[in-house]
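S.K.: Quick one: the structure is below, questions incoming.
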Amino acid sequence: MSYRSKQASISRFFKSTKSNNSAKNEPAVQHIPKKTGVMLKFSYNNKENVVEGGKDTEGPHIVGSHVELPGQSVNSVVNSDSIVVNSNLEIDPKISSVLKRKPDIDIQLKTTKKRSKTLTPLEKQIRELRESHKDKVLVIQIGYKYKMFGDDAKLGSKILDIMYIRGGDDGTRDEFSYCSFPDFKLHINLKRLLTHGLKIGVVKQLESAIVKTVEKSSKSSDLMKREITGVYTRGTYMGDEYVQSSGNSADTESPYYIICINEINQKELSMVAVQPKTGDIVQDTFKDGLNRDELETRLMYLNPSEVIVLSSEQPSVETLKTIRLVASDVQLLPRKRKGEDEVFNGLIEFFDSIDNGKYKHLGDYFSVNFSKHIQSCFYELINYLSEFKLSNVFTIPDNISNFTNSRKYMVLPNNTLYALEIFQNYTNPASQKGTLIWLLNHTRTRFGNRLLNKWVSKPLIEKEKIEERLLAIEDLTGDFNNVVDALKIQLDKMGKSLDLEELLMKTHYAATYNLDKINRRDIYNMLDCFQSVLESMNRFEKGITEFSKTKKSPLLTNILLELSEMSKTTVVSNLLNKINRSYVMNESKDPEEQVTQFFNLDNHNWEDIRSEFSELDKIEKLFEEELLNIRRVLKRPQLQYITNNKEPYLIEVRNGKQVDELPTDFHRINGTTTVSRFRSERTAQLYIKKQYHKEKLLVNCNVAFNDFLKEIDEQYEFFSKIVKNLSVFDCLLSLTAASLASKNTRPILVDQQLIEVQKGRNPIIESLHNRNDYVPNDIDICYDNKVLIITGPNMGGKSSYVKQVALLVIMSQIGCYIPCDRATLGVFDSIFIRMGASDNILKGNSTFMNEMLECSNIIHGISNKSLVILDEIGRGTGTSDGIALAYSILRYLIESPLRPLVLFITHYPSLHVLEDSFPTVVTNYHMGFQQIHKDDNDFPEIIFLYNLVKGVINNSYGLNVAKLAGLPVSVISGAHRVSESLKYKVEIQQKEQFTMKFGSILQMLKKDEINSNNILELENLFSYI
């Protein structure tokens, strides 16, 4: 009995009494879900396992509802003791005797008998594949399943929570232990594996059994050809490339960057980052200190999944520590830097080789426009991405941008991002609620969402560009406009499910490397979406012209005019005319039919596809002729072919006499207790021939589809321009929505460095809490009032106030209205914030060291257009040293010729003397409060007013915070007594010091011994008084 016959015999013994099949008492052979409780229990290597149905063709695997091992009879696995069947299933009586008789090969699964060490052809193939790709976890297609072997299987079974089946016990079989899953779950499981930082290689069967049989390219017993068709990491995975789309082409995860860092020396680094999903490329060269704050800022922005570090010998410890600190789960790849000649020649050779020299000119472009250090990064990334077939991302130079551009935008440092919680809520990292991006993000599309993140992270510093966005918001908040509304509708139709930017990049990769990187329905949806946008703009051509004349915003007008101009072309319509829309849109069609019926053959001549359709039509006619012949032979003029269990062209006859009278060349395919189904010899031959031509048709359709992708990719620049305009429009709509969310006001921008705000509100706190309860505050920082020293009780609102100032500045320079009654603002080129207390164990820094390093970076980074916010400088060390450092740092900023605007929060009231020394620059403020004295309390209770008041206070009222925190009354009372005692001692010491100072100066005055030193002491005494 053949392998296939044995498989059919065992499968047929399952028969469901609840079957809905038309034939009475017909056994149901099907994959049974877990919930039905149908299981097959077996023991393998002293381990009991329960498995479910599936179907494979080679290797140790599960077939139907049984387990099959290579070299064993199917009957040896199935016996009456190893079947556990649900009550709604019964065993076919016809084969019950097969289950009871002794197996053909008597093998017990619990045996300790050693197998032969001779490897099967499949095992040899698996070993060769794994030996050739030791750096990857391999997922190998075998029949209708994907399997992982050896150590890969141990890892996979644990991550995927699937059964791990051990190999034999001959000492060499552990490498063939495996776990498996159905082929349709490939991309579901790939995503789960990739989240653990693995590098996955997908090995696919590249041959069809029917094509091999018909063309006789090899013996039928030969193995299927298997090769790696895709390699993936978390940053290079592009989504469900091989799976027919369900209408949601977008992944919910944010795309990752892959970064190459080139350590030029200890203080200078170059960097190139690429985001394969979107094609975004960022490059930068920057100076950095040993603390690597600049590198940390870039890593926080880019969120890398893989980081390549180039160096002459070994990467510096400082760089490696910083990478691990910011991205603990990143894949770190140290590399030795290549020589300049190798890099130059490598870039030239790469661009020459892509797409038959189409991008040859880019070799010179990269060598001329980028430094040697940046070129090294490009070359290393090209080599790295080549394995993933993504290196052609560098053939689109328009996607390359600078990380920093001091003339266009500011880059918020990592401390500022952290302190203001721009992108991440550090109280609840799982949610963005409470962040600035959460407040501003009302985008409709995924590509708009990505652009808004860039806008928020890099506020503009060109007044004219900020005004352009503010004018656009003003126009969008005006009267209803048909053109604007039509474009809004187009964005809403795309939503977050259709990512045009990602689909364009998938098309680019697939067109260059002939890969299944994108499915047909997504291509149609993408083109249809572009067409819908352009048709909409074409309909409102007159309205767009009128809009451009009546509205103020050049930014909004340019978007509409450019889209209107593009709508006059036939680029998209010509491509869409080649698609058979009815088949693409009908989701009920078979996936195979979606491939073969994708093109509209009436509008384009695909000769190879036409010829295969012609052959299939001929075969269908031959089937009909054979049916007429069978009718005559069987004397059944109404006889029709039937399809059963996906087996077509079957002749069904009743068991008994009708079966006995069939010609000898009729082959039984399947049956029940009452009927049997056959194919005639001629029908069987035609069926094989039809399968062959269907396979050839699929191949030809895939070739034609790849040519079609190349046509689309030729228009990449055209489509990319549409996406960029739509993304800017989406961001403007988002900022408009944020501006209208509360009583926001358009800021007035001026050339002077000042912040004058009437009744300003912290936008985050206001959004999270009841707006009616919020206490607004004025802000007045200008040339004559550049430094604000802010004191006040703990929890009085000092930090919220200074954060409010920074957030209002950032919002205004993003181009958004801000929450206040009126605002006049200068344009800042940097915002530095030192706030909070934390150590950094990974970098080996204490809390105070971190504080001082951050202060050092601020002092060295300020300009005359900087906003500096310092919170409680000096608290990480002793009081005297803390006060001294806080005083010196603040005085340095005051006296600096750059003279930035400074907000300085402190609990050191003695710093108020700086207002006396610099009355035209420094002003003391405190957060308002009220004291309530009660008879039963040793100390007053505090009511916070949360308003900014001029003046200084000498008490932080920490005991009130302790009370709010729930410390025992006895502890707080004890602390109050100690506090009062310390205050008394300090006052006594101060009086004694004053008496001594005053007495000595009085003696000098009596003796008339006044000199410059005495005068200085006298000034100090008066200041002290």
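The backbone N, Cα and C atoms fix where each Cβ goes, and this holds for glycine too.
Predicted, not measured: the structure shown is a model, and the values here were computed from it.
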S.K.: According to Swiss-Prot, which stretch among 1-28, 645-672 corresponds to the feature region 'Disordered'?
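M.R.: Matching range for region 'Disordered': 1-28.
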S.K.: Reduce the DSSP letter at Ser799 (ATP binding site) to three states and note it down.
M.R.: helix
S.K.: Take every residue in the region 'Mispair-binding domain' (114-235), average their pLDDT values, and give the whole-number result.
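M.R.: Across the region 'Mispair-binding domain' (114-235), the average pLDDT comes out at 85.
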S.K.: Using the CB centroid of Gly792, Pro793, Asn794, Met795, Gly796, Gly797, Lys798, Ser799 as the ATP site centre, which other residues of the same chain sit with their CB within 8 A?
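M.R.: Apart from Gly792, Pro793, Asn794, Met795, Gly796, Gly797, Lys798, Ser799, the close residues are Met927, Phe944.
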S.K.: How many other Cβ atoms are found within 10 Å of the Cβ atom of Lys798 (ATP binding site), counting all protein chains shown?
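M.R.: Total other Cβ atoms inside 10 Å, all chains included: 24.
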